[in-house]
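Novice: Below: one structure in structure tokens.
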Amino acid sequence: MRPHLSPPLQQLLLPVLLACAAHSTGALPRLCDVLQVLWEEQDQCLQELSREQTGDLGTEQPVPGCEGMWDNISCWPSSVPGRMVEVECPRFLRMLTSRNGSLFRNCTQDGWSETFPRPNLACGVNVNDSSNEKRHSYLLKLKVMYTVGYSSSLVMLLVALGILCAFRRLHCTRNYIHMHLFVSFILRALSNFIKDAVLFSSDDVTYCDAHRAGCKLVMVLFQYCIMANYSWLLVEGLYLHTLLAISFFSERKYLQGFVAFGWGSPAIFVALWAIARHFLEDVGCWDINANASIWWIIRGPVILSILINFILFINILRILMRKLRTQETRGNEVSHYKRLARSTLLLIPLFGIHYIVFAFSPEDAMEIQLFFELALGSFQGLVVAVLYCFLNGEVQLEVQKKWQQWHLREFPLHPVASFSNSTKASHLEQSQGTCRTSII
């Protein structure tokens with residue numbers, strides 16, 4: 001039977017949970033994960049104190065002036081009167097605040113003194129700080145924002161994916177890559193909803209213990225979907241760069257390689273991360289990343305993909321500028337390249353370049369980082385759907401044709417007006433609806 005939380009410990013845990021949000025994957029942490037760490041420390045402490053009392057020979061030892069004890073957050077070894085005992089900050093505080101402080105007690109003739117300094121001050125958590133309540137409110141607002149963002153992105157992505165799948169004239173390598181990107185954003189949104197539902201549905205102790213394996217699997221799925229999303233953003237950059245830099249290449253062969261890379265490479269890194277977590281940091285539901293070296297198994301490849309996309313973006317702009325300055329380039333090609341340049345500029349946030357700014361950001365910039373990664377990042381799928389589908393001239397033409405055919409079939413005596421003027425329609429008709437006439 002696990003002990004209940006004392007009021008002082010509850011007061012200490014509240015700001016700890018807030019601080020944990022900056023180290024988790026984008027939502028408020030589970031109370032039972034923190035409790036699990038506390039219980040592990042308690043069990044370890046009681047075992048050490050038991051061995052201390054019995055000694056190496058297994059015989060009962062005389063009790064010193066101050067008997068060893070567990071005070072609900074720290075383990076204090078036995079001591080003789082007149083000595084000051086120092087212990088590290090509790091593990092659950094160190095892993096959440098990344099601060100290595102110390103706590104002290106004096107052993108007197110009357111027993112242990114009070115702990116000094118107070119754990120909340122020595123270990124980097126100020127329970128009297130009025131900003132804790134504001135931060136909690138801010139994080140809850142962020143949660144609402146990213147829930148709305150992922151929901152709207154999910155709806156728009158499903159519609160966009162349905163459109164690209166429904167019209168055969170839109171089936172080509174470029175749109176196949178777009179569809180894989182849509183699926184990665186859909187999985188990212190769904191995994192986020194599943195994570196929130198499983199991890200934060202209950203803080204009851206029995207629930208936490210019974211569903212620990214399930215919530216770890218959810219976190220593995222969540223990390224895979226995040227990495228797959230970044231992988232397909234990189235594939236978009238690689239394909240666009242290849243299209244501009246190489247005159248002739250086998251799109252079918254490249255597509256097979258892109259698919260293997262986009263879905264396969266994240267599986268490798270996530271599997272390595274899961275193995276490392278299981279053997280080296282099997283704490284809670286794996287939603288708190290205290291061991292930086294293990295977390296870099298996930299974070300490193302993501303940052304590398306962002307840097308590669310940034311380099312690709314710079315080179316894409318260089319190629320476009322060179323083509324625009326070439327005198328041999330014809331007028332219609334100049335117009336095409338200008339449209340391509342404008343489209344490429346819109347890809348800056350999609351390539352995740354802004355994440356580089358926060359890759360090694362200090363703790364005081366964490367709230368700004370969370371805003372960009374959660375609030376704005378959740379709408380990324382919506383922007384992708386609009387850019388790659390709803391603003392695509394070929395898609396608009398195919399939808400317009402389908403609408404006109406349906407309207408003529410249902411209302412033959414009432415012809416429908418065209419969505420666009422005749423000049424635009426004629427221009428799109430000349431393209432024959434092929435996927436190769438535009439980049440996005």
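Heads up, the Cβ atoms here are built off N, Cα and C, so glycines get one too.
Reproduced below are the annotations present in Swiss-Prot:
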- CYS45-CYS75: disulfide bond (DISULFID)
- CYS66-CYS107: disulfide bond (DISULFID)
- CYS89-CYS123: disulfide bond (DISULFID)
- CYS215-CYS285: disulfide bond (DISULFID)
- ASN72: N-linked glycosylation site (CARBOHYD)
- ASN100: N-linked glycosylation site (CARBOHYD)
- ASN106: N-linked glycosylation site (CARBOHYD)
- ASN128: N-linked glycosylation site (CARBOHYD)
- ASN291: N-linked glycosylation site (CARBOHYD)
- 1-22: signal peptide (SIGNAL)
- 23-141: topological domain 'Extracellular' (TOPO_DOM)
- 168-174: topological domain 'Cytoplasmic' (TOPO_DOM)
- 196-216: topological domain 'Extracellular' (TOPO_DOM)
- 240-254: topological domain 'Cytoplasmic' (TOPO_DOM)
- 277-291: topological domain 'Extracellular' (TOPO_DOM)
- 316-340: topological domain 'Cytoplasmic' (TOPO_DOM)
- 357-367: topological domain 'Extracellular' (TOPO_DOM)
- 392-440: topological domain 'Cytoplasmic' (TOPO_DOM)
- 142-167: transmembrane segment (TRANSMEM)
- 175-195: transmembrane segment (TRANSMEM)
- 217-239: transmembrane segment (TRANSMEM)
- 255-276: transmembrane segment (TRANSMEM)
- 292-315: transmembrane segment (TRANSMEM)
- 341-356: transmembrane segment (TRANSMEM)
- 368-391: transmembrane segment (TRANSMEM)
Novice: Just to verify: the residue among CYS89, CYS123 with the fewest other Cβ atoms within 10 Å, which of the disulfide-bonded residues is it?
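Specialist: Ranked by other Cβ atoms within 10 Å, the disulfide-bonded residues CYS89, CYS123 bottom out at CYS89.
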Novice: Sorry to bug you, but what's the C-alpha spacing from ASN72 (N-linked glycosylation site) to ASN100 (N-linked glycosylation site), rounded to the closest Å?
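Specialist: Roughly 19 Å, rounded to the nearest whole number.
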Novice: Is it true that the transmembrane segment (142-167) and the transmembrane segment (368-391) have 3 or more Cβ pairs under 8 Å, skipping pairs fewer than 6 apart in sequence?
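Specialist: Per Cβ check, the transmembrane segment (142-167) touches the transmembrane segment (368-391).
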Novice: Check the disulfide-bonded residues CYS45, CYS107 for other C-beta atoms within 10 angstroms of each C-beta and report the one with the most.
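Specialist: Result for the most crowded candidate: CYS107.
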Novice: Roughly where does the topological domain 'Cytoplasmic' (316-340) sit in mean pLDDT, to the nearest integer?
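Specialist: Here the predicted model's pLDDT, averaged over the topological domain 'Cytoplasmic' (316-340), is 66.
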Novice: If we call contact 3 or more Cβ pairs under 8 Å (sequence gap 6 or more), are the transmembrane segment (368-391) and the transmembrane segment (175-195) touching?
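Specialist: Contact criterion met.
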Novice: Taking 10 A as the limit, how many CB atoms besides its own sit near the CB of CYS285 (disulfide bond)?
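Specialist: CYS285 (disulfide bond): 24 neighbouring Cβ atoms within 10 Å.
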Novice: What are the sequence-distant neighbours of ASN106 (N-linked glycosylation site), meaning same chain, six or more residues apart, C-beta distance under 8 angstroms?
Specialist: ARG83, MET84, VAL85, TRP112, SER113
